[in-house]
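Take a look at the structure set out below.
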Amino acid sequence: MTKPTKYRDVEIRAAHGNKLTAKSWLTEAPLRMLMNNLDPQVAENPKELVVYGGIGRAARNWECYDQIVESLTHLNDDETLLVQSGKPVGVFKTHSNAPRVLIANSNLVPHWASWEHFNELDAKGLAMYGQMTAGSWIYIGSQGIVQGTYETFVEAGRQHYDSNLKGRWVLTAGLGGMGGAQPLAATLAGACSLNIECQQVSIDFRLNSRYVDEQATDLDDALARIAKYTQEGKAISIALLGNAAEILPELVKRGVRPDMVTDQTSAHDPLNGYLPAGWTWDEYRARAKTEPAAVIKAAKQSMAVHVKAMLAFQKQGIPTFDYGNNIRQMAQEEGVENAFDFPGFVPAYIRPLFCRGVGPFRWAALSGDPQDIYKTDAKVKELIPDDAHLHNWLDMARERISFQGLPARICWVGLGQRAKLGLAFNEMVRSGELSAPVVIGRDHLDSGSVASPNRETEAMQDGSDAVSDWPLLNALLNTASGATWVSLHHGGGVGMGFSQHSGMVIVCDGTDEAAERIARVLHNDPATGVMRHADAGYQIAIDCAKEQGLNLPMIK
């Protein structure tokens, strides 16, 4: 048997314009979005099929990628392609309102749901880590998480600093696909930020895409810049090459006091995503292949040091929170018993939004024309006229966010609003106002599509943190409702054994049939989030369910 190819020296970019390369827009859309995930402007390591988040891939290997492209190119509108951990395994006759693609990535029976077992399967070519939007083909670059991070910083500013972050600064680490959103989000929220990153290539990526403003030469230079900009009231983001497990303890030792502390290193994956203190990146990658157990141990020991420093900041009264990378869990496993003393960002700042089905609604212009996104921005403002916060976000996004690959936009909207926007976008395609169809999707990090006790479902008030029926129901309902492609993943964000989550994407191609599917999917999808939180007893969700007329049999 020929060994599967994990590396290919090639550049992939999605087709642009309104000329089809597949049989219809329902199959052209997943084809373009798969390719867009691997665009060198989008992906972290596209030649190895890695999109973001350590080893989050778009396809299992290059042979699988080629066959997915082949299958989508010839897929009919009454057929469905099944993808198992990045490998196309079957094409079946279904019907025109069924999904064109159904994806299951990284799922393991719970007893075996560990990194150790997954890595064995991955080495044998039997599995693929799909992260959240890598293996579900709806990653749009760091913009995909910018607004969620922005909303978090804004809410933290409201709670701790009277809604004013001017002259304040955020300390964090990690400038990968997810963490790369932090510096821009902090700037948009009005704060300075110091962003520690151990790879110069990641810093360069964020500098080139304008997600980070400057790079300091060393820690002293970084602190001098922070002092200058905070005194001047300027919101400037600063990158610093270094290891967080070394720099945070040094900051504690020096008595430096940030105004907010968080982290977005790839701590969820100690073998591939977190550089042990004192190691070079080349050493880390080489030893990961020859002595993985020792590498994992060293990475987790460094995480323990990192978390102890974060706890020290919290003890000083500095707002400190986990941003969903499972670093607290890793530190606790290394003996830091009080690792969970600082909260996760969802229970601390975001859950009230989830209770109303508000979450990361995103869309991409398959035309490749930025004007299509600017026109949809205007439509969002027209249809949601009274939300000044949303309008401000859209204005800032247009000014500051560079498109990566196919032009795309994200904004957090909820139940009722998503369907209204989707139907309007479909009408814009029908009328020719948009030059080609758009796709609408979301992160798996949403109100009803994830079970993750150390992140999205941390500290649920009824204790249902680990109940994972909800993302399964979300995926089933999106399939029944007619989403264009639906995905069900395990381990995204926080790593193997710690999460299950689902995603959906729907195509707006301007047809009546699309409008019917959009109305169902973009209502039902956020409605499951309201349902899930109402079931857990959150009054905000119960009130929203009643206002929106949801039929929840056990909610009176």
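Cβ coordinates come from backbone N, Cα and C, glycine included.
Swiss-Prot has this to say about the protein:
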BINDING   53-54, Gln131, 177-179, Glu197, 243-244, 264-268, 274-275, Tyr323, Gly493  NAD(+) binding site
ACT_SITE  Cys411  active site
Residues near Gly177 (NAD(+) binding site) in space but at least six apart in sequence (CB under 8 A):
Glu44, Val51, Tyr52, Gly53, Gly56, Tyr139, Gly141, Ser142
Looking only at DSSP and grouping its letters into three states, which state does Cys411 (active site) belong to?
strand
Counting Cβ neighbours within 10 Å across all chains shown, tell me which of the recorded positions Ala267, Leu275, Cys411 comes out on top.
Ala267
Tell me the Cα distance separating Gln264 (NAD(+) binding site) from Cys411 (active site), rounded to the nearest angstrom.
21
So how many other Cβ atoms are close to Gln264 (NAD(+) binding site), meaning within 10 Å of its Cβ?
24
Number of other Cβ atoms within 10 Å of the Cβ of Glu197 (NAD(+) binding site) across all protein chains:
29
Tell me, how many other CB atoms lie within 10 A of the CB of Gly53 (NAD(+) binding site), whichever protein chain they belong to?
29
